[in-house]
Structures are given as C-alpha cells and as structure tokens.
Amino acid sequence: MAVLAPLIALVYSVPRLSRWLAQPYYLLSALLSAAFLLVRKLPPLCHGLPTQREDGNPCDFDWREVEILMFLSAIVMMKNRRSITVEQHIGNIFMFSKVANTILFFRLDIRMGLLYITLCIVFLMTCKPPLYMGPEYIKYFNDKTIDEELERDKRVTWIVEFFANWSNDCQSFAPIYADLSLKYNCTGLNFGKVDVGRYTDVSTRYKVSTSPLTKQLPTLILFQGGKEAMRRPQIDKKGRAVSWTFSEENVIREFNLNELYQRAKKLSKAGDNIPEEQPVASTPTTVSDGENKKDK
C-alpha cells in the first residue's frame, strides 16, 4: 500500500499535473530533477563523460550510479508514505532528485557539480511555487483586521489558518483548506487566513513560530466567542510543535466541523428572530478590505 497509494494519487491527478507542468516553476524544477539523466543518456551530451562501466560506454549508467538512483527511489517512497496531497508527492520527488543529481554530478566532475548547485541556487532565488488561486470562501486578515473581526460578533465561530507563503507545508495545505471552506462556510462558521510571514506581530501575538525550522506552519486555531478554543498542531511544554498531519479528514475530525456546521446553521436560523438591538452575524466575504490574496 505504501507504493500503491502514491501511484494511485498520481494517476488520478494526471489532468492537474499537465497544467502544473505548463507553469515555469514546475517545468524548470522537472528539468533540474532530470538533469543527470539527460546528460548521461542523451548524445552528444554523454560523449566524453567519464564512466566506470567495463564496456566503456559513457552513455549508460555504471553500477554506482544505479545504486544511488535505487537509494533515491527508496527514500522517495518512504517520504511519500506520509504525504497527503499530490503537491507533496511531487515536491518530495523534486527535492530528493536534486539531492541525488548533486551527488551524481560531483562524482562525475567537480566542475559539473558546482555548476549544478549554482543553477539550483539561481532557481530557488528566482522561481517560487505558484500560489493556490482556486475557488475558496476565505477571509484574508492583516495585523489590524484579525482582532477586529474576531471581536465583531462573538457568536460567529472562526477557523483561522496562520501561514507563510515560503512554507511548502502551507502551500500543500492551501487547496485542502479552500475545499473545507467551500463545504462548511456559513453565517455562523467562517474561515480565515493570515500571513504571519508578512505580519510578524500577529505571529508573536498568537504564539505561532515563523522560524524556517519550525513545525508550526501552518497552524489552525479555532476561535469561539472571540477566544482561542483549540489549535493544531499543539505545543508541548518545551514549546515544540506536536507532529500532526494536515489532511482533510483530520481537520474535520479534530475540529468537529460537522457538528460546528450544524450548530452554526441552527443559530443562523434562530438569528432571524433576534431583536434589532442585538448584533447580527456579519455576512461572510472572501477577502477583507485591507487584504487580498493576490497581494501576497
């Protein structure tokens, strides 16, 4: 099953993969991941390359290169056992392929290894993964609007994602969170996001670490009555994040989304009979006045 699950996910997502490969980030990343394969197998690129094969064929893998590639395959399969989305599967393949390419190029020629590392650094500095721009029902907060919105109507339950655009885990979770917002958003249950990589004071206020080594991104916090009710991942006594998988099933189960949704629907119906002097639940919107998804 550890092997079949990633393969099934990839086959199921072939149409989406074709759209990804049309984007510069994924196209260039795929080329870098296959760089050694192209150099070693395609003439005239392979002509004149050193080889340890007994037949002296420079356009085929020697036994050590095969061992490295087999080890890469094993690592990718083990890492993909914990991957949830196709983006995570592809990201793991790209990352470990580049590591293997670096080793293979340095083993072939130190100059080729240095050139490959330089290309990877330039790629990382100039190309960023495309942000999720699909349908969603999410309100984007900034450092001022998040507290105002949470306090505006305390009958509204909020689920807020604290994210950073540079985090691969946040990028992988984006389509899952968007899909949840489309399924469960209603008058009394709203979904929000705030970029703590951009608004560092928000990360400090809500105790979400933005360190590059952190395991706290993304963080989901449930607010009820304007106060934090729970969060995932949890933080232990030493201030470290407890490992938690951000899958759609886990979010629905841990945050009791089905129950929250039914309760919010009942409250919204009862709200029709609320006297005028009581505050009325705010109308959900996709973005706030001060924040827009495209600004990121």
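Every residue, even glycine, has its Cβ placed from backbone N, Cα and C.
Values in this document were obtained by computation on a predicted structure and should not be read as measured data.
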If Swiss-Prot marks one of Ser83, Ser203, Ser243, Ser268 as phosphoserine, which residue does it mark?
Ser243
Helix, strand or coil for Ser243 (phosphoserine)? Use DSSP.
coil
Do any residues at least six apart in sequence from Ser243 (phosphoserine), in the same chain, have a Cβ closer than 8 Å to its Cβ, and if so which, in order?
Lys215, Pro233
Who are the long-range neighbours of the transmembrane segment (103-125) in its own chain, taking Cβ under 8 Å and residues 6 or more past its ends?
28-29, 32, 35-36, 39, 49-50, 64-65, 68
Taking helix as H, G and I and strand as E and B in DSSP, count the residues of the topological domain 'Extracellular' (49-102) in helix, strand and coil.
35 helix, 0 strand, 19 coil
